[in-house]
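Here's the structure we're looking at; comments come further down.
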Amino acid sequence: MPFLKKIWPLNNCGEGVIFERNDGPSTSDFIRVLEGYLYTNGVAIKLQKQTINDSDPRYEKQRDGDHIRNDVAKDVQQMQALMVRISGRDDNDIPTESGSCMTNAFIATDPSGTEQEDISVGVRSDKLNNIRLILETDNFVSEEDSVLDRIGEIEHNLAQSRGYIERKGTFSANGLKMEEFLAAGLQAEKDDPRYRFELYVNEMNSHYKTPSFTLSLDNEGMAPTAYSKEELITFWDTISHTIRLRPGAF
């Protein structure tokens, strides 16, 4: 059972708190977990980060001559700085200031302009049965080549798993150059249709003001979807052409 080590308030006296606890009974006590809880605009948000504090004398032998490592205060400060930039929002509200959106919340821009950001959001709908839609963005990982540069390897791997490329290429929409491939085939253990559509923006040029963006749709390992391949491609083309940079995002 985890034990509470310390309670840390928010710097701005907002409605939130950070709990420092040990990781659990199966790990050493110097492995700590920071759990941050924030209540903002009717939205409850939880943040979690693992950290280390091996300053206790009982870990001297385990350190084996290495310097004491206590990252708790530094990691708490980072979490506090992040939490004060988070605000709850209705998913239909589009912010006008710079920053990033996530489900029911908004993260204002890091004032230093140096923070690495990696966001992944899964979207599901009762109207789109047995289909996963995932949006991912980051501002620090740039690939050495594009997805179309790697398409030969992708096609080879698909051929080994009862799949093929239905469509591949580039297009521009809303001032953005996009690369995509649409794969189809059969499920690994059944003969039901399998789909994997992927789209990439700024894959080789991911920076603070030009973050990379990936959109993917798939049904791997799921029950058969009621939609045909042609219907899914039409759906894909509709949503992919709506991708744009939000005005004021940077």
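Glycine is no exception: its Cβ is also placed from the backbone N, Cα and C atoms.
Because TrEMBL annotations are produced automatically, they should be read as predictions rather than curated entries.
TrEMBL has this to say about the protein:
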DOMAIN    1-89  domain 'Tle cognate immunity protein 4 N-terminal'
DOMAIN    93-248  domain 'Tle cognate immunity protein 4 C-terminal'
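The DSSP breakdown of the domain 'Tle cognate immunity protein 4 N-terminal' (1-89), given as helix, strand and coil counts, is 19 helix, 38 strand, 32 coil. In the predicted model, the domain 'Tle cognate immunity protein 4 N-terminal' (1-89) has a mean pLDDT of 88.
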